[in-house]
Ligand SMILES: *[C@@H]1O[C@H](CO)[C@@H](O)[C@H](O)[C@H]1NC(C)=O
Ligand SMILES: *[C@@H]1O[C@H](CO)[C@@H](O)[C@H](O)[C@H]1NC(C)=O
């Protein structure tokens, strides 16, 4: 009867472990390590560490993309630290675009709260999965794949996006190419885009070389 004994041992061990590790609220006074923030002393943790009111307001939409991004990542919302999830508010003006980008190691689930959103992603075999979403629709954007969202209507649109990461990194395709100092000649040779177009886009995005 080795199995029941092991099971009882496991239960005892795991419940005492859980009691110590219920959460790891971010301690912003200590430096951030590769695995996230260190844990605030549990004696100093309050209900406020698990509540964030910052998403009540729209992010700033005065930018090229006409989109306001307002994140609730571990850096803004201390209770998320170590739990592997987060939420972002994205406000789209008419004509607003979330340009082609990807999140390394984080899938994204978007919920359209207001207006109409056109969203899509491109799989590694170059199949395009594209949809016009209305209020209440949710759409999944699998991890590591290029995707975008844009306002598909003539009124402002609002979506919330959740990630299975408390700090999803983002790489924007256009910024990587045209806001960087990768030489124009090399960009042309490695993308088939002509140099005049690259120079124009570097001017727009602020890239050099
Ligand atoms: C955390 O709580 C301890 C004990 O209540 C207190 O002495 C300490 O000052 C607190 N630390 C912070 C950063 O609030
Ligand atoms: C929004 O962003 C623009 C451009 O960066 C800036 O000029 C403006 O002050 C910002 N507005 C607010 C309310 O922060």
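From the backbone N, Cα and C atoms, a Cβ is placed for every residue, glycine too.
Per TrEMBL, Mn(2+) binding site is recorded for 101, 103, 108, 147. Under the DSSP three-state reduction, residue 108 (Mn(2+) binding site) is assigned to strand.
Cβ neighbour count for residue 108 (Mn(2+) binding site): 24 (other Cβ atoms within 10 Å of its Cβ, all protein chains included). As annotated by TrEMBL, oxalate binding site applies to 103, 108.
The disulfide bond feature in TrEMBL is assigned to 24-39. Residue 39 (disulfide bond) falls within a strand when secondary structure is assigned with DSSP.
Taken from TrEMBL, the feature domain 'Cupin type-1' applies to 53-199. Looking only at the domain 'Cupin type-1' (53-199), the predicted model's pLDDT averages out at 96.
The signal peptide annotation in TrEMBL covers 1-18.
Among the recorded positions 24, 39, 108, 147, no residue has its Cβ under 6 Å from any atom of ligand 2. Counting only same-chain residues six or more apart in sequence, the Cβ atoms lying under 8 angstroms from the Cβ of residue 39 (disulfide bond) belong to 23, 24, 25, 26, 27, 81, 82. Shown in sequence order, 102, 106, 121, 141, 145, 146, 168, 170 are the same-chain residues outside 101, 103, 108, 147 whose Cβ sits within 8 Å of the Cβ centre of the Mn(2+) site.
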